[in-house]
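S.K.: The structure that follows is given in the form of structure tokens.
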Amino acid sequence: MNTVISAIALDYPPERLHVYVSDDGGSSLTLYGMKEAWAFARSWLPFCRTHGIKTRCPKAYFSSAEDDEGADLRGTEFFEERKKIKKEFELFRERVMRATENGGIGDKSISGDHPPIIEVIGAEEAEMPILVYVSREKRPSHPHHFKAGALNVLLRVSSMISNSPYILVLDCDMYCNDPASVRQAMCCHLDPKLSPSLAFVQFPQRFHNISSNDIYDSQMRSAFSTLWEGMDGLDGPVLSGTGFYMKRVALYGTSIQYDTSLTELRQTFGYSDEFIKSLSPKYLPNRSNGGDSLSVILKEAQLLASCQFENQTKWGEEVGVLYHSVSEDVVTGYTLHCKGWTSVFCVPSRPQFVGSSVTNLNDLLVQGTRWSSGLVDVGISKFCPFIYGPLKTSFLENICYSELSFFPFYFLPVWCFGTIPQLCLFHGIPLYPEVSNSFFGVFAFIFLSACSKHLLEVILAGGSIQTWSNEQRIWMIKSVTSHLYGSLDAIMKRIRMRKASFLPTNKVADSDHVKLYQMGKFDFRISTTVLASMVTLVVLNMVAFMAGLARAIVFGNWEKMLIQVLLSLYILIMSYPVIEGMILRKDKGRIPYSVTLLSIVFAMVFLTLGSVVLLY
């Protein structure tokens with residue numbers, strides 16, 4: 001609801017601003033919360049406008065003194081009004097929380113089986129943006145296509161009620177941190193040099209709950225401070241799921257032509273003549289009683305939000321947000337770039353949108369597995385950048401999408417580097433050149449240059465050596481867990497061995513998780529399958545390092561085994577939090593003894609089978 005209020009409070013003419021909330025659960029509690037949020041916003045908006053408040057998310061504003069700098073110059077009237085509005089916010093919060101504790105006012109939500117529900121809040125208020133609750137129809141027997149399906153319903157429903165030419169998409173926890181973001185985006189969209197081909201303006205994702213250590217690399221520096229900025233110099237950055245202003249017509253594909261017949265439009269967009277009328281740039285919905293009544297509009301909107309509406313149409317295939325991947329943002333953005341559209345990465349000094357990042361290892365790996373699955377979905381589909389894009393977009397832009405789509409396949413070399421050299425080290429078999437060999441310098445140069453390049457990127461982005469080590473560690477952890485399982489998930493979906501699934505990232509922070517995160521301690525309360533694979537590699541490297549070190553000391557074969565010994569040592573240094581969780585820690589977030597024992601068994605089995613392979 002804080003996100004809803006911050007969106008209502010954007011610095012834009014209220015008659016041109018409309019806020020839609022998609023609630024797939026059909027929850028009466030969410031609808032109640034929206035009504036309460038809109039009622040509070042009637043007092044909150046005048047306060048923000050009068051006093052020039054920048055932080056228009058009330059929870060963020062009242063927990064920070066940032067906007068109160070220079071408040072002493074505003075006089076006692078400001079403090080009295082601030083005290084009054086804060087009391088109203090606390091009452092609003094109490095009412096919503098009380099409804100939550102009471103089970104959502106007779107809530108029968110999250111059933112996955114309910115008709116479409118659309119309700120307009122505040123249509124009679126001229127000085128306030130209208131707020132629209134949208135819960136699309138959900139039936140267990142009908143595919144709903146996760147977030148992409150919800151966005152397409154919002155696209156259709158909003159065309160009946162407002163039909164605004166530009167759309168801001170926000171995740172539920174990503175509040176507007178600067179009311180001027182809409183004006184900044186419009187500066188790009190209305191720039192005659194950019195406008196004809198500009199599809200969307202992407203803002204970076206920033207997070208309010210990042211610790212000083214950031215052990216989970218939750219700020220995603222490599223994406224938003226390196227890759228996205230680099231792509232901005234080409235055809236533009238990747239569509240990133242939230243915090244972007246999209247041109248509506250870009251999502252309608254190439255199907256809107258002046259000479260297109262009504263039959264063709266119906267086959268593409270569905271059998272709603274009212275929606276087809278909205279495709280015209282001159283179409284303006286009439287919510288007044290003198291024209292089409294609001295009830296008639298809502299009846300048509302419910303049809304557009306029904307399960308059956310998309311049948312035998314091109315929604316999700318050629319128009320709207322595409323359904324070919326659980327990473328709907330990547331595949332949609334890629335096809336837009338291939339159709340000739342461009343994008344812009346806008347990075348003002350003040351973060352425009354601020355959200356909640358993951359603060360525990362379980363949520364990080366669940367999120368990473370879903371993203372990995374979605375990226376590989378794109379890579380092994382008809383939209384594979386190696387096949388689909390070479391003739392449709394610039395060479396360098398296509399290379400960026402290729403790297404992104406197949407990024408999860410890093411699990412293959414990482415697993416190889418984490419097991420094969422260690423197996424050979426355990427048995428005293430050299431794999432790399434001796435120190436005296438001239439090729440030793442080549443291997444050393446490749447390793448050091450890769451680390452130096454990464455470190456330089458981190459330093460240029462304002463990070464530190466600690467940031468660099470955290471990113472290295474998380475990359476290794478994700479490669480052997482979420483990238484592996486995500487890639488397997490995508491491949492199994494492709495060969496029809498399992499159905500597509502979408503497990504949303506947890507948006508509610510647990511106090512125990514947050515406490516460990518702020519202390520810089522990993523929370524290993526995750527799936528045993530995921531944890532065991534990670535711990536097994538660490539145990540294997542510990543055994544191989546000790547065996548290789550002992551053999552080098554006893555037999556003096558340092559020259560032959562140095563690279564393998566250093567490789568295992570590097571992996572162990574990066575894996576210190578895992579070793580700490582296995583041996584030193586006693587808190588709830590430690591690695592269970594059962595997982596450690598299971599991992600030791602797996603490591604011994606691997607070494608035994610490896611010995612048989614090497615011998616025979």
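Just so you know, glycine gets a Cβ as well, placed from its N, Cα and C.
A TrEMBL annotation is a machine prediction, not a hand-curated record.
Here's the feature list from TrEMBL:
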ACT_SITE  D24  active site
BINDING   D24  UDP-alpha-D-glucose binding site
BINDING   K147, D171  Mn(2+) binding site
ACT_SITE  D329  active site
TRANSMEM  529-555  transmembrane segment
TRANSMEM  561-579  transmembrane segment
TRANSMEM  591-615  transmembrane segment
S.K.: Nearest by CA distance to D329 (active site): which of the recorded positions is it, out of D24, K147, D171?
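M.R.: That would be K147, nearest by Cα distance.
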S.K.: Using a 10 Å cut-off, grab the number of neighbouring Cβ atoms around the Cβ of K147 (Mn(2+) binding site), all chains included.
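M.R.: So the number of other Cβ atoms within 10 Å of K147 (Mn(2+) binding site) is 20.
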S.K.: Using Cβ-Cβ distances, find the residues under 8 Å from D24 (active site) that belong to the same chain and are at least 6 apart in sequence, listing them in sequence order.
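M.R.: Those within reach of D24 (active site), by Cβ under 8 Å and sequence separation of 6 or more, are S135, R136, K138, H144, A150.
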S.K.: If we count other C-beta atoms within 10 Å, could you say which of the recorded positions D171, D329 has the fewest?
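M.R.: Least crowded of the recorded positions D171, D329, by Cβ count within 10 Å, is D171.
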